[in-house]
């Protein structure tokens, strides 16, 4: 054996373990009951996070501050079709509020005009209302539909999360985690549709979004993103804690995550 070969073999024997190898060894040497107790605490936090997500989503959906529209220069914008001056507006999934000067005059107080979005208006209403067309109606229906679906998914995920403490099988944890991921995806759909609807209004509905106006996000939009983050983290937590652990026993003596054959009792 040459000197270079001996040197390489010596380096191989004396190589220090990597950080990942150290972590794996440390995890492997931990007491299974201790690991299970830690995962259980993580699941409790993730399940409690669903209550936070429900509150955040309730605030986001029930308020009409998803985005603001205002004059870029700060001066009122004249709208010829309605003979009024546009000051600013804020809108949500269900309601839009506009502040305007009526009758083509800047004298007197500004008027606040709020109205709910019509999801299924008549054909006559669509033809007469310059702020509505079929495309924006599709956007609005999609937003409200997925907002309601998200509520159902959060409640369903919370129920599955609670059930995993009664039946701590890995399959139920994965089911709960999957529901959390679907809920996060539904929130993302609402956010994306809202952004697309604002961009559409800016380009085609000048009565709702006048030329010379700019838009910005409101706190309802921020709450929607926070809901997405909470649901995503809850889903990741449940998936990480759903590893199969055959024969591991918790402190209470129950076998956790032992695979079952479904369909035959």
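Glycine too: its Cβ is placed from the backbone N, Cα and C atoms.
Among the features that TrEMBL reports, compositional bias 'Basic and acidic residues' is placed at 1-11.
Residues annotated as compositional bias 'Basic residues' in TrEMBL: 12-24.
The feature region 'Disordered' is assigned by TrEMBL to 1-24 (among others).
Residues annotated as region 'Disordered' in TrEMBL: 244-265 (among others).
When Cβ-Cβ distances below 8 Å are used as the criterion, the transmembrane segment (144-163) is approached by residues 43, 46-47, 50-51, 53-54, 57, 61, 93-94, 117, 119, 172, 175-176, 179-180, 182-183, 186-187, 189-190, 193, 227, 231, 234, 238 of the same chain, each at least six residues removed from its ends. The annotation transmembrane segment is assigned in TrEMBL to 144-163 (among others).
Here TrEMBL flags 175-195 (among others) as transmembrane segment. Among residues of the same chain six or more beyond the transmembrane segment (175-195), those with a C-beta under 8 A of the stretch's C-beta atoms are 50, 53, 57, 66-67, 93, 139, 142-143, 146-147, 149-150, 153-154, 156-157, 160-161, 163-164, 221, 224-225, 227-228, 231-232, 234-239, 242.
For 215-240 (among others), the entry in TrEMBL reads transmembrane segment.
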